[in-house]
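J.: Here's the feature list from Swiss-Prot:
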type	residues	note
BINDING	Gly203, Gly204, Ala205, Gly206, Val207, Gly208, Lys209, Thr210	ATP binding site
COMPBIAS	19-29	compositional bias 'Basic residues'
COMPBIAS	30-44	compositional bias 'Polar residues'
REGION	1-48	region 'Disordered'
Amino acid sequence: MVKAVTSSKETAKVEKKKSAPRSGVKKAVSKSQAGVKDSSSPVHKSSKKAPLAEAAVGVIKQVIGAVVDVQFEGPLPNILNALETDNLGNRLVLEVAQHLGENTVRTIAMDTTDGLVRGQKVFDTGTQISVPVGEATLGRIMNVIGEPVDNVGPIATSKTRSIHQEAPEYVEQSTASEILVTGIKVVDLLAPYSKGGKVGLFGGAGVGKTVLIMELINNIAKAHGGYSVFAGVGERTREGNDLYYEMIESRVNVNPKDNNGSTEGSKCALVYGQMNEPPGARARVALSGLTIAESFRDEGQDVLFFVDNIFRFTQAGAEVSALLGRIPSAVGYQPTLATDMGALQERITSTRTGSITSVQAIYVPADDLTDPAPATSFAHLDATTVLSRSIAEKGIYPAVDPLDSFSRMLDPLIVGEEHYTVACQVQTILQRYRSLQDIIAILGMDELSEDDKLLVGRARKIERFLSQPFHVAEAFTGSPGKLVPLEETIKGFKGLCAGEYDNLPEAAFYMVGSIDEAVEKGKRLIAEVSS
């Protein structure tokens with residue numbers, strides 16, 4: 001009984017001590033939001049730093065996969081504080097997730113815990129995980145804690161910023177509506193993207209999410225000319241490697257090996273936490289990438305923020321949640337799914353200073369859009385581009401579903417009357433064609449009325465004209481990539497809906513850019529048949 005009383009007194013003392021510096025922590029966070037803090041070394045490589053000698057020291061009590069329990073003698077570190085320990089000569093960062101009883105905290109490891117032993121010392125850094133920010137990050141690949149992983153040496157900056165930030169105040173946010181032209185016909189016509197908005201690319205495995213996101217980087221980053229940040233969250237390491245070299249080939253980034261180790265002139269920073277990383281890294285790497293994007297935005301830049309894949313962020317959260325002992329909700333996801341998603345998505349916003357335009361690939365498990373992970377993402381997006389397996393099976397790429405995809409920008413007050421009318425006509429024709437497909441499959445085309453036969457012919461041409469050769473797929477298709485201006489896209493589909501190209505064969509519209517190319521291809525095909 002006496003023991004219980006003394007332990008509760010100790011707990012009360014700890015709580016008092018803990019509550020006192022909270023305002024100080026808040027000030028430090030707001031200070032880092034306003035600007036950035038200086039760090040004595042460009043990159044935190046070593047676990048033997050001066051502040052750690054004076055910091056609170058704990059010992060490891062338990063290791064369960066990616067979760068590590070650490071016991072402290074004195075006051076406990078704050079929630080979200082970064083702890084550091086040495087793991088076989090490497091610096092291991094642990095993030096405080098829970099306060100348990102008996103002066104113990106439960107932490108999530110940002111790297112493998114293989115090699116940790118009970119009784120090992122752990123140091124409280126007194127701050128949250130911070131990553132380097134600023135122009136020095138452009139052209140570099142970093143991991144979740146901001147360490148460079150591209151073998152080009154340390155990142156030459158002293159500016160760092162905590163990965164946990166508050167979303168901007170309502171009065172700071174910008175509400176202007178402007179279209180971001182991508183050069184991809186199906187996107188620009190039927191589900192246009194918003195500059196400074198959030199876009200989701202939904203699709204199952206192997207329907208082309210990553211190829212589409214790479215084409216968007218190629219088209220927008222080149223035309224846009226501003227800075228981009230790419231966060232690779234739990235995806236294939238091979239794709240991350242390919243993207244790095246493709247960015248160098250397309251001159252979005254500068255190869256440091258050809259430039260005396262410098263990446264000056266690069267336009268994109270890359271932050272990777274790939275499939276082989278522990279769940280802690282995959283659950284935080286999106287925040288690390290977003291922090292770099294926010295820093296550019298606060299300096300007055302219009303930033304592009306690409307995430308591949310948001311589902312892996314949710315998946316990592318579910319793994320961590322289970323290890324932390326939380327009771328899972330529907331389909332095994334974490335009970336805090338909506339909160340975790342909201343905390344990330346609300347930070348991706350435009351302010352009066354600058355903008356963040358976000359493009360997020362979202363894997364759809366078993367092609368089920370009602371799954372809680374993709375369904376939770378829908379609420380936060382300005383535009384959704386749904387990739388369909390049935391369209392991919394027809395060989396039409398990008399395999400964007402023109403009827404399931406949606407954008408709040410498709411409004412006559414934003415895009416103009418002509419664009420809106422043409423988009424509605426295209427969707428009406430495709431919807432009618434979809435409703436007739438069962439009749440065609442059972443009875444054949446001959447049983448349709450003349451009007452329906454004409455409509456089906458136009459719908460099939462529209463379907464093929466929605467395909468487009470990509471720059472990033474040139475090596476596989478052998479067709480040069482096409483970037484189509486919005487005016488050309490509207491002109492082409494307007495003519496197709498009006499029946500101006502009824503005399504041309506369907507094949508003329510497959511994998512071409514503008515309508516003029518389709519007309520030329522059609523004439524060539526007709527000439528070949530007649531000869």
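Placement of Cβ uses the backbone N, Cα and C atoms for every residue, glycine included.
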J.: Within 10 Å of the Cβ of Ala205 (ATP binding site), how many other Cβ atoms can be counted across all chains shown?
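T.: The Cβ of Ala205 (ATP binding site) has 11 Cβ neighbours within 10 Å.
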J.: Return the residue, from the listed binding-site residues Gly203, Gly204, with the maximum count of other C-beta atoms within 10 angstroms of its C-beta.
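T.: Output for this query is Gly203.
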J.: Starting from the Cβ centroid of Gly203, Gly204, Ala205, Gly206, Val207, Gly208, Lys209, Thr210, which together make up the recorded ATP site, report each further residue of the same chain whose Cβ lies within 8 Å of that point, ordered by sequence.
T.: Tyr363, Leu387, Ala392, Ala399
J.: So if I draw a 10 Å sphere around the Cβ of Gly208 (ATP binding site), how many other Cβ atoms end up inside it?
T.: 21
J.: If you run the three-state DSSP split on Gly208 (ATP binding site), which class comes out?
T.: coil
J.: Can you check which residues sit near Gly206 (ATP binding site), meaning Cβ under 8 Å from its Cβ, same chain, 6 or more apart in sequence, and list them in order?
T.: Ala392
J.: Take the Cβ of Val207 (ATP binding site) and count every other Cβ within 10 Å, whichever protein chain it belongs to.
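T.: Neighbour count, Cβ to Cβ under the 10 Å cut-off: 27.
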J.: What is the one among the binding-site residues Lys209, Thr210 whose Cβ has the most other Cβ atoms less than or equal to 10 Å away?
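T.: Max Cβ neighbours within 10 Å, all protein chains included: Lys209.
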J.: When DSSP is mapped onto helix/strand/coil, what comes out for Gly203 (ATP binding site)?
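T.: Once the DSSP labels are grouped into three classes, Gly203 (ATP binding site) ends up as strand.
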